[in-house]
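Peer 1: Before I ask anything, let me first share the structure, which is written out below as structure tokens.
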């Protein structure tokens with residue numbers, strides 16, 4: 001007997017069943033704690049739909065499917081809008097319809113001239129903390145023209161951090177032209193996934209051209225991504241043309257063209273987390289053409305770190321991507337590649353072999369890559385062998401590596417130091433333009449009276465030994481370079497704007513807390529209700545505060561953010577507020593708060609982020625330029641560290657037969673020395689605050705060291721394994737509270 005057994009707590013998304021007999025026997029068991037009534041609904045089913053399952057025995061219900069063919073969606077607010085729920089009941093006990101499998105197929109259609117999104121997919125509710133069934137949704141767009149819409153294709157998930165819905169996107173032979181937007185897919189995090197049951201994005205033989213504010217972005221949870229034989233041409237991008245973000249993804253991106261686009265980057269991989277159930281997640285970017293693109297005219301903002309303003313290919317985060325057999329070059333960008341992988345090791349490589357870089361000159365290719373030799377928290381780009389012609393079928397060539405340091409440019413120091421180097425006194429300063437890394441076993445010796453100037457945001461990492469020994473009347477000085485004298489600095493400067501220059505935000509203050517015009521409680525202007533609305537988000541971040549200071553035209557490096565009550569408030573002070581702003585999450589690089597995305601931390605039904613009159617409100621203070629000269633920017637400081645974590649505990653037991661000392665040359669038996677040294681204007685390294693002098697495990701000997709105008713701590717010594725000397729030092733006029741941190 002064919003008997004179906006259903007458990008609604010487990011099988012609700014596939015519960016409807018069918019029968020072709022003349023009678024149906026239903027035995028219902030509610031359980032011992034049942035409440036309410038049971039409703040039974042009988043519906044006739046068209047036999048033609050059974051072909052989906054093949055036979056009646058396996059056919060339980062018709063999958064919800066929407067077919068849109070040979071149609072035109074034009075001059076609407078939104079072209080096609082869908083809502084996908086992740087639970088069955090709301091807080092008001094409204095029933096929501098869910099199914100285990102749903103699909104939408106758009107074939108041979110035209111979606112044009114709509115005011116907002118061409119296609120908008122929304123998950124409006126937060127998932128509850130119970131074991132709801134998984135749902136899978138497929139959106140297939142085939143041979144469809146999407147043109148002249150106010151925005152492009154967007155997926156927005158309020159349950160971005162906790163969902164039970166999987167999404168499969170298919171773009172086959174799609175043409176997107178002249179839209180004021182691109183494709184933005186935020187795939188929600190699903191914790192009950194596996195390598196065969198997960199999100200997917202498939203794009204093939206599609207064209208994305210002549211769009212403004214464009215960007216093809218896949219963000220969020222793990223997904224299988226295939227982008228093949230597609231063209232991205234003549235787009236003016238909001239930030240960049242193509243981006244993969246969020247958790248690491250399995251990617252196969254090949255045979256695509258990125259031509260004549262305008263943006264700060266063309267292709268970006270920025271993965272900030274790893275899959276907990278998968279091993280190696282492979283990613284390949286092969287046989288693509290990225291050429292003839294250019295960047296926006298960019299102006300430098302105060303306290304904006306010196307880095308690549310524009311890059312054709314950007315790799316950041318945790319996931320390694322194999323970038324091979326591509327054609328680069330002929331791009332009006334600062335660099336062709338930024339190898340920004342997070343690394344805690346010296347030898348961390350990214351595979352970028354067998355590419356054409358616009359030249360067959362290895363030294364030219366080296367200059368077009370931004371990697372460990374520029375910022376030593378990045379990976380090393382392994383670019384040899386490389387293609388010798390602008391053709392995917394060209395031969396490859398390698399040029400001898402080696403570490404040639406015979407012709408050192410003392411006006412452009414940087415990179416890895418593989419041989420001992422002595423900086424003798426000369427009247428003009430030595431210039432460091434990129435991170436200088438003293439490799440293990442190497443000594444950098446700086447003589448008295450030497451002046452070393454650093455470009456913004458870069459510093460010295462000492463894995464070997466640094467000897468900077470000055471004299472009482474002839475100090476060694478480390479200081480920032482004067483940018484007004486630098487002819488190759490990539491940015492123009494801007495000036496502070498007066499308060500109120502940007503009318504959408506203001507720092508409000510009362511007579512009781514009035515300190516200066518640069519600080520106060522944050523309020524946002526709602527142009528619809530024409531009201532100033534206070535902000536009391538308990539997760540308002542320091543990155544958000546940076547953007548506020550920048551939007552007001554002030555220095556974004558020196559700021560303070562806190563929360564406190566407002567003394568002028570009374571019980572009915574906020575009843576006038578009609579709507580409250582959604583919480584936002586900035587990265588600190590945005591130009592204004594309007595560019596920051598909404599913080600998708602889960603949206604409870606009918607919840608509003610409103611303020612209580614006696615609650616804590618967001619308070620922000622924007623500081624002034626901290627350095628004595630407005631043309632100076634903070635540099636990164638000096639860091640001392642061990643070369644490897646593996647043998648750091650046994651240094652003292654290793655005997656050197658040549659010197660009869662215990663420990664290798666760069667261990668505590670041979671410490672680095674800073675004597676009679678002035679360190680001015682340090683504290684910002686790679687866009688982050690950093691002490692002017694910092695050591696890990698092996699501290700240097702500090703005598704007569706002066707640290708002034710640091711943007712952060714003066715001296716920080718972490719996990720020192722031996723005793724160390726600190727005599728006659730001073731740390732003054734630094735922005736941080738802590739001068740010495742041990």
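Every residue, even glycine, has its Cβ placed from backbone N, Cα and C.
So TrEMBL says this about it:
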DOMAIN    509-623  domain 'SRCR'
DISULFID  586-596  disulfide bond
Peer 1: Around residue 586 (disulfide bond), which residues of its chain at least 6 apart sit with Cβ under 8 Å of its Cβ?
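Peer 2: The answer is 541, 543, 544, 546, 547, 593, 595, 596.
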Peer 1: Taking all residues of the domain 'SRCR' (509-623) together, what is their mean pLDDT?
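Peer 2: Reported value for the domain 'SRCR' (509-623) is a mean pLDDT of 82.
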Peer 1: Once the chains shown are all counted, how many other Cβ atoms turn up within 10 Å of the Cβ of residue 596 (disulfide bond)?
Peer 2: 20
Peer 1: Pull the DSSP breakdown for the domain 'SRCR' (509-623) and write it out as helix, strand, coil residue counts.
Peer 2: 13 helix, 26 strand, 76 coil
